[in-house]
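Per Swiss-Prot, these features apply:
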- V13, D32, F33, R34, A53, R109, L133, Y195, D314, Q325, G326, M327, N328: FAD binding site (BINDING)
- R83, Y97, N373, Y408: L-kynurenine binding site (BINDING)
Amino acid sequence: MSESVAIIGAGLVGCLAALAFSKEGYNVTLYDFRQDPRLDTTKNKNLKSINLAISARGIDALKSIDPDACEHILQDMIPMKGRMIHDLKGRQESQLYGLHGEAINSINRSVLNNSLLDELEKSTTELKFGHKLVKIEWTDDKQICHFAIGEDLKTPHTEKYDFVIGCDGAYSATRSQMQRKVEMDFSQEYMNLRYIELYIPPTEEFKPNYGGNFAIAPDHLHIWPRHKFMLIALANSDGSFTSTFFGSKDQISDLITSKSRVREFLIENFPDIINIMDLDDAVKRFITYPKESLVCVNCKPYDVPGGKAILLGDAAHAMVPFYGQGMNCGFEDVRILMALLKKHSGDRSRAFTEYTQTRHKDLVSITELAKRNYKEMSHDVTSKRFLLRKKLDALFSIIMKDKWIPLYTMISFRSDISYSRALERAGKQTRILKFLESLTLGMLSIGGYKLFKFLTRERS
């Protein structure tokens, strides 16, 4: 008889985990406290969704689980070969991601989530929406899951499973129940930032330029870096762009005291968007849409001994979105877990234990990198010194091949290099670049001093 598993959370990682385990013959039930997002009656489906950038780690994970489904699911993604930096005068500068035409890919979160749910409908997975996890009783036999169901989520309901997988996000109920069973180290950190979803509608005005109903180049991730705040935009397949404003809590609270203040702020700081974004709609969104917080979560261990439960995705390692790796990392979690189960011939206890032991260093690394990258996106991309270092980084990579790989390439385009290994290699490379930078500046200073002395002697 096949083992039964309850997967808590029908977001992106939960759906992929359900697909992976159903492919391996497990009896899978996927739960979510929300209603089915594919239904027209489901409210507030995408008011707080930062568009996704899926790259090598996420794509490779999808391919490893179901190559045919991967091709279908990702058919609407739009390749982005670099960042497009917009300055205060409306000028644009392209900064390519890769050395050989590599690209990350824009895809709408809701479209991807719904596509995964559609794939699950074709499998043996049972989908149960409107089920809120309340409690788990841990036993040596079955894990007893208590839910609250119904429209008001107040009717009690109980099911038993061989094991549980928590994919229920940063505020994971599964993790809370695991903390009652195991001694779990846990940390939660909020960044002093909030984000608001904005929208750039499709238009036919620039169709000759971009080959579609896009107002700006779809093959770039657009960034309006303003040091203490920024705006980004990623293309959707219908020609629209999902745009997101990031700013401090105090700044946003001060702005939204009046519509006129928001309007003036947008016109002053993002002058080139007023021709492509409905300004009235943007002001309305600033005032009425959720001002969502950004939280980082780290914990360890990720499992309950005996193979009773494991955490994947944001439930284990919520991160800020500035490296575009949250979903990619969560998908990679699933791929690595399935590989470990195969390695241990389905022995959950051994596979889950090894997952915690080997994965933790990588997850801490990418969570930290994501935090660091906000400064790069909002400030460094306008720095000549930063851009010079990036060019040197690329030059050394061309000369030295695989012996020198830029950090972004290792993270976004090389799923064969772990996050922790990428961070370690990049640290060594950065130290070399800084040394060469200091050496060059020192030589220029000495040269300048000698030239000055020579010229002053000539005059005397």
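Any Cβ shown, glycine's included, is placed from N, Cα and C.
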Spatial neighbour of Y97 (L-kynurenine binding site) that is closest, considering only the binding-site residues V13, D314, N328 and their CA atoms: N328
R83, Y97, N373, Y408 excluded, remaining Cβ within 8 Å of their centroid (L-kynurenine): G82, Q95, L221, Y323, E376, M377, S412
By Cα-Cα distance, the member of binding-site residues R83, N373, Y408 nearest D314 (FAD binding site): N373
Minimum Cα separation from L133 (FAD binding site), reported as the residue among binding-site residues R83, N373, Y408 that achieves it: N373
Nearest of the binding-site residues (R83, N373, Y408) to F33 (FAD binding site) - Cα to Cα: N373
Among the L-kynurenine-binding set R83, Y97, N373, Y408, as the record gives it, the longest Cα-Cα distance in Å: 14
Same chain, 6+ residues apart, C-beta under 8 Å of the C-beta of A53 (FAD binding site), given in sequence order: M80, I104, N105, S106, I107, L221, L234, G324
Same-chain residues at least 6 apart in sequence whose Cβ lies under 8 Å from R83 (L-kynurenine binding site): S94, Q95, Y97, H220, L221, H222, I223, M377, V381
Cα-to-Cα gap, G326 (FAD binding site) vs Y408 (L-kynurenine binding site), nearest whole Å: 15
Y408 (L-kynurenine binding site) and V13 (FAD binding site), distance between Cα atoms, whole Å: 23
Largest tally of Cβ atoms lying within 10 Å of a Cβ, found at which of the binding-site residues V13, L133: V13
Distant-in-sequence Cβ neighbours of N373 (L-kynurenine binding site), under 8 Å, six or more positions away: F322, Y323
Pairwise C-alpha maximum, in angstrom, for the residues (V13, D32, F33, R34, A53, R109, L133, Y195, D314, Q325, G326, M327, N328) that bind FAD according to the record: 30
